[in-house]
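Taking it in order: structure first as structure tokens, then the write-up.
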Amino acid sequence: MASTEEVSQERSENSIQVSMTKKPTFYARIGKRMFTGNEEKNPFDEVIITGLGNATKIAIGAASIMEKEDIGQIVKVQTAYFSSDRINRRIPKITIVLKKHPDFVAN
């Protein structure tokens, strides 16, 4: 289910890039809002959560919370290495794709 490859820095509107500064619940709430939408933004049917290095566990935690609360379903997990120009090494990256759970109702 997972693959390893070199990745670029492209990011789409339905993407959440997590960091170590916030907890997984914070990013799970953002994902829920992306599925719900608001006056300024239309809802998405798919959300992509990515994490680099030590933030991979935060990305996994956020996706797990969303799946446990029937907000989204994990449809794809991809691992890769991110090459940084600043440091001369490759950094592990995880990308988790969730689609809106069929039972999810925006409140």
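Along the chain as shown, the residues are counted starting at 1.
Backbone N, Cα and C atoms are what each Cβ position is placed from, and that goes for glycine too.
Feature annotation from Swiss-Prot assigns N6-acetyllysine to K23 (among others); the stated evidence is experimental evidence. On its own chain, K23 (N6-acetyllysine) has I58, G61 as residues at least 6 apart in sequence with a Cβ closer than 8 Å to its own Cβ.
For K32 (among others), the entry in Swiss-Prot reads N6-acetyllysine. Sequence-distant neighbours of K32 (N6-acetyllysine) (same chain, six or more apart, CB under 8 Å from its CB) are M66, I71, listed in sequence order.
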